[in-house]
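Engineer: Once you've had a glance at the structure underneath, I'll fire off some questions.
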Amino acid sequence: MNRPQDSTHHARRSWLKSRLTQVWASSAVWITAPAVAGLILATRAMGVLQPLEWMAYDEFVKLSPKQTIDERILIVGINEQDLQKLSQYPMDDATLAALLTKLKQGKPTAIGLDIFRDFPVAPGSEQLIQLFKTTPNIIGIEKRKSSRDRSAVNPSGVLSQQGQTASNNVFIDGDGKLRRGLLYWTNGDDYIESIGLRLAMMQLAKLPHKITPEADGENLKLGKGTFVPFEANDGSYINADAGSYQMLLNYRGPAQSFRTVSMMDVMEGRVSSDLLRDRIVLVGVTAESLRDIFYTPYSENRITSPEKTAGVEIIANTASHIMTAAIDGKGTRQVWGDKREGLWIILWAGIGAGAAWWIRTPRWAIGTMIGLVSGLTLGSYLVFIAGWWIPFVPPVMALATSAVVLTGYIANLERRDRAAVMNIFGRYVTPTIAEAIWKDREQLFRQGRLKGQKMNVSVLFTDLKNFSTVAERTDPEVLMDWLNEYMEAMTQVVLAHGAVVDKFIGDAVMAIFGVPIARATEAEIQADAHNAVSCAVGMAKALNRLNQKWQNEGRPTLSMRVGICTGAVVTGSLGSQQRMDYTAIGDTVNIAARLESFDKTIDGGICRILISDRTHELTQADFEAQDLSAESIGSVHLKGREQSVSVYQVFYDLPEADSA
């Protein structure tokens, strides 16, 4: 017994199917989506969107879940207080040797020295050289030349001879931020590991299940982690410097996300051996005055004193990233290829265009757009923290742009359809009918024309008796004023009864009840017939008032005939683009016209009303309540018809004021 629910479900399915069909059939959607996507892709290829995409990337980084401190790494930072206690900087070799000796006593896995030592700083140079020679787990740094940075800094001679140096080259993006980490610096067949990779591999090599690097095609594989080389157009990058072997760096957090002690903490014995043992210990400057600092995705607007991260912490992030990927298989950031990114952008352009075409109501359209953008944002973020960097800004722009373009196109269509409504109906419909027409315009109009429809209506024809004789005796200017006064009064009566004034033919009026929206029930058809008869009586009363006025003005009086028929017609637009009329055609129209002109000897007073048998059948129950009556004239043959028609004459009483 779920028929009402089934009916509702069926109606919803029909509506959805209709909407989807409209979207599928609309060439505007299928033209707009690729065109907008092509524009966005071209704009992106020129690098215009790169700053916005970097900003979105940074926001996703900052919103990523905070990671715990990586206890495998300890930073020994040389801060501003340390600089004040040192007699000079760079510190002399004796002081550096003393610091490294204390660290060595803690038995760390590796000591990363993020301090250039390309020349000796006396005193203590021999002492430092001897320490370097006897400490194989100290890794120094050097800077190699690249295609875009020709500056270089040589390594310590002793450490270089022993193979204990690594590259600390960095790749800065166009907005001054560091988002990429280095695995290997390469130049032809010459290559050197980055200090982050070198230290990470030393730590991984000490695990019970020793992890060593392997080749996986063109990729570096370490344990569970596979590192895909960064390419010039990965993600939002456009023609970036993809030299050497880079990766998108997965920062562990903002600045100071690693356990850090100061140089003087170590020198003055405030750091226990437990904090050093089996760890990577990184030595580097953290004092901002030495300017070994970088902007990262965690840095806010550079104009407003943004957060900066020390270079030694960049190395720590690189090493931590590599170790986490190798042990847990997590942390690497992957991107889609150009084709997949292009399809993704096209998809969202199509969604924007389809949504705009589907949802025409501004409130719902805005809500839908907000929902789609929110969904895209959330989805992109969830995919990001899962390790994929997919396009976000271009799809949002494609979604919004295609929606705006389609909305403008729809607005233009609506202006055209509204103009068509006004061209076809003019001022001869009531605001209520005009609103109903506009509400159902998608069902009623096709390419600026009203679609042809078969529907049941009531057609009313009127004509003035002996008007030609009166016209011959009247001045043309007076005649037109007089006739317009009559037409205006009749039109107002028609509109008041919910009909459409179809046309004026000289002094004749044709009105249709039940258009342009097809009636769905018998009750609606009956109401139209009732309105048609009531309209005819209203016309009689209006004409009677006009006659009283004209008589007082010394002008002739008039009488009229009305014919009404209820039945099936075909309605739609007829004409050209320059001139188009809404009309109805069919036997019902012909019968109404013939009833108006039938047997002009039948008297009806000021307004004779003849109706068809179908009209009578639908309205007779209401006659008594309206002080109306009807008499059968019989089955008659109308001009142009072979079959006879049963005809009734409607009688009415005019109020005393009107009949005086």
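In case you wondered, yes, glycine gets a Cβ from its N, Cα and C as well.
According to TrEMBL, the protein carries these features:
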type	residues	note
TRANSMEM	21-42	transmembrane segment
TRANSMEM	342-359	transmembrane segment
TRANSMEM	366-390	transmembrane segment
TRANSMEM	396-413	transmembrane segment
DOMAIN	458-596	domain 'Guanylate cyclase'
Engineer: Checking distant contacts: for the transmembrane segment (396-413), what same-chain residues at least six beyond its ends satisfy Cβ-Cβ under 8 A?
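Structural biologist: Answer is 28-29, 32-33, 36-37, 39-40, 49, 345-346, 348-353, 355-357, 360, 365, 369, 372-373, 376-377.
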Engineer: Over the span of the domain 'Guanylate cyclase' (458-596), count residues by DSSP class, listing helix, strand and coil in order.
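Structural biologist: Per-class counts: 68 helix, 41 strand, 30 coil.
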Engineer: Within the domain 'Guanylate cyclase' (458-596), what mean pLDDT does the predicted structure show?
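Structural biologist: Averaging the confidence scores along the domain 'Guanylate cyclase' (458-596) gives 89.
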